[in-house]
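Down below is the structure, laid out as structure tokens.
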Amino acid sequence: MSIEVSNESGYDVSEPELISVARFVIEKMDVHPAAELSMVLLDSAAMADLHMRWMDLPGPTDVMSFPMDELEPGGRPDAPEPGPAMLGDIVLCPEFAEQQAAKAGHSLGHELALLTVHGVLHLLGYDHAEPDEEKEMFALQRQLLEEWVADQVEAYHADRQSEKDRRLLDKSRYFDEP
């Protein structure tokens, strides 16, 4: 799986964290492991330009998704197996997201992770134009974000335990050579 991030926003964000959450969602949604995704982080002016050009709406927004390939389960009928697909581009605006994060009472990192999940789901065909679609998409978005956070917490604790074990073993005389 290839996930590229281009940060043109001027904000210092954790690109590895964005890649981690995108990869987690793509894997959880059973997308082919050779799928490709591009993420671009823009400043408010550039995002406002995209928002007007593609959605005919003024001002910046938090996230926009641009699907690349038409996704078909299993690929072509005559294909031996599904091949890699370019899912598309997710465009994030950290400046706009920072304002939303402040209103919601959480960090910019949390908001960008949420928006990344949202963007990937759009690339996979989910939408929230209708109330039923919104309910389904937002519930899945919340579930995936919670699972990713739990996965990150578990990995953090495992790393800390490994470090404690290593320090303990380093102090032990049991493993010294005779």
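For all residues, glycine too, the Cβ spot is worked out from N, Cα and C.
Note that the structure is predicted; figures quoted are calculated from it, not measured.
Remark: His118 (Zn(2+) binding site) has Val63, Gln141 as non-local neighbours, by Cβ distance under 8 Å and separation of at least 6 in sequence. If you look up Swiss-Prot, you'll see His118, His122, His128 marked as Zn(2+) binding site, on the strength of sequence analysis.
For 158-178, the entry in Swiss-Prot reads region 'Disordered'.
Across the binding-site residues listed here (His122, His128), the residue whose Cβ sits among the most other Cβ atoms within 10 Å is His122.
Summary of the Zn(2+) site environment: with the site residues His118, His122, His128 set aside, the chain residues having Cβ atoms within 8 Å of the Cβ mean position are Val63, Ser65, Gly119, Leu121, Tyr126, Asp127, Met137, Gln141.
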